[in-house]
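Q: One structure, as structure tokens, below. Some questions next.
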Amino acid sequence: MSRLIFIPKDWRALLLMALSFGALPFGLSNDYFLLVLNVMALNALVVLGLNLLIGSTGQVSLGHAAFYGLGAYLSAIASTTWQWPMVASLAFCILFVGLTSLLVALPTLRLEGHYLVMATLGFNIIVTILCNQMEPLTGGPSGFPGIPKLHLGSFVLSTDRQFYFFIWGILIAALALTLNLNDSRIGRALKAIHEKDLTAQALGIPTFRYKVVTFVLSAVYAGFAGFCYAHYVTFISPKTFDIFYSVQLVTMVVVGGMGSLWGGLAGAALLTFLPELLRHFEDFYILAYGLILMGVLVFCPQGLLPLLISFGRRKKREASIDNTSKGEKNKREVFPEVLSDIESVGNPSISLQETNSTLSNSPGRPPVLNLRDISLGFGGLQALQSVGMEVDRGEIVALIGPNGAGKTTLLNVISGLLKPQEGEILLEEKSILGLAPFQIAARGVGRTFQAVQVYHQFSVLENMLVGYHVQGASGFFSTYLHTAGERREESRLRENALSLLDDFRMADKADWPVQQLSLLEQKLLEMARALALQPRILLMDEPVGGLNPRESELLVRYITLLRKQGMGIILVEHDMNVVMRIADRVVVLQHGCRIATGTPREVQQNPQVIAAYLGVKKND
């Protein structure tokens, strides 16, 4: 029994849910409640997949009622009209829904915001029209009757109680698989995509591919639920799968809490029972759902369950405060003010043993990065014009210039976030021009940003693990099943992440929320996360921006240490004291053109550079 404390809380909740719902039917004398519970489980299964899509990747779909309907109609046609066995009908249903969702996802997921919502809504309308118009096959508006009950071999699920144990068993199994996904390398990547898509790409995560796979998975959840629904009620009609049901599903996700697995289930439970309470106001269902959706989005956008959990935690914290002590010490315990103790950091040390052999600089080796005649324009504005530069191993090249000169734009071009119209980019003599950002990151281009891009939903360690995504190989299938190989990989990545955090003197803060870190610590975390890619070159955009002199000094020490270990660095920085101290070469941009290059002293005395910064010529 003592081992129970080592079971993660989500798994304890799942075990409690399984025991509770397993015993529930024996306490019910009314089969009508079993019917409602069965419908709730079907809704929860669809919502589980939809919440994976909306909560994890941030893609809102109003087309999942169509996938639910496709699953129901395909299984009905296969098992009734074509007389296929139940297993063959299920396989056909899953394959068809999966392929259809893939064809829908490939074009629509390139859209964003309300455009994506409208596209999926249009798909739902098309499926509803087809179900109404293809009367010889679907029964049209009159519906499709005579669907056989679900049977497993010779055993037929003929009663509500039998179907209850089947569908709730399926739901609990699906929950277990989804928990495996959420707590994995893939799950972290999906959440990272939702919070900061471009940052995820710069960390080597194939965002579009993951969005497509997640969309297909969520559609398969809905298709399987539709299969079960058809063989449970034995009659289906297009009205069941119309736009209103899609709105219901999204409302369930939003009300329960987007991204919260248990919140989605709570939303499904609440809004399954709500129509029973509003049975006498059936004509106002859609108005009621609309008002609920608007109210939640306005007053508690995180959802009801996360709101209740947050409220409970706040009350618990308040109860733990000693009412008689209001000193500064207690105040700091309740509201921690985390400050960087720079003196305790000492001399930084970063272990790059895995990359030292490739980073070491030797005479005659080609530059690690070579830009040739890069040009980029936005309409009539020329952001970059024939810009060229080289970066050697163990060299810091500072990129300076007035605001709007094109410095960050050039970093975005190197990392693949922008595509130049002309030019060539060579990384270790291999072209990376035209590659997607995640491919460029995986080939060894690390990046930090002007505004710190840490993930606020993650702990310090989880932020590091997002950076280690490219070092893993487990896919969706092994992650779902939580295979031995996936577990070993996760353990290895965690060890590596903790080791690198220790190099940055942050291992003791691994479990901290990033909100509790100072700006310096967040910048160090972002830098460490970029190094998790094992980059050949590191792009740093204003790393000391916002730091005081003592904090800047520490960060500079880490940067120079990386140079000593053979890493090439491109540094965009406005602090000229830092540039002149640590840069080996300086490249100056103005209006997208390179106007000077050389050592810091040479550039400092260049008349064009003086004019660019001061707006006057040196001899004026």
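Cβ coordinates come from backbone N, Cα and C, glycine included.
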Q: Any idea which of 11-28, 65-82 is down as transmembrane segment in TrEMBL?
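A: My reading of TrEMBL: the transmembrane segment range is 65-82.
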Q: Residue list, the transmembrane segment (88-106) vs rest of chain: Cβ under 8 Å, 6 or more residues beyond ends.
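A: Cβ under 8 Å, 6 or more out: 63, 67, 70-71, 74-75, 78-79, 120, 123, 211-212, 215-216, 218-220, 222-224, 226-227.
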Q: With the transmembrane segment (212-232) as the reference, which stretch in 35-53, 65-82, 113-130, 163-181, 252-274 has the largest tally of C-beta pairs below 8 Å?
A: 65-82
Q: Restricting to the same chain and to residues at least six past its boundaries, which positions have a Cβ under 8 Å from a Cβ of the transmembrane segment (65-82)?
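A: Long-range Cβ neighbours of the transmembrane segment (65-82): 46, 88-90, 92-94, 96-97, 100-101, 123-124, 126-128, 131, 137-138, 144, 146-148, 219, 222-227, 229-231, 236, 238, 240-243, 245-246, 249.
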Q: Please work out the mean pLDDT for the residues of the domain 'ABC transporter' (369-616).
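A: Averaged over the domain 'ABC transporter' (369-616), per-residue pLDDT gives 93.
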Q: Using a Cβ cut-off under 8 Å, which residues of the same chain at least 6 positions beyond either end of the transmembrane segment (35-53) come close to it?
A: 21, 24, 59, 61, 64, 68, 160, 163-164, 167-168, 170-171, 174-175, 178, 181, 190, 214-215, 217-222, 224-225, 228-229, 232, 248-250, 252-253, 256, 258-261, 263-265, 267-269, 271-273, 276
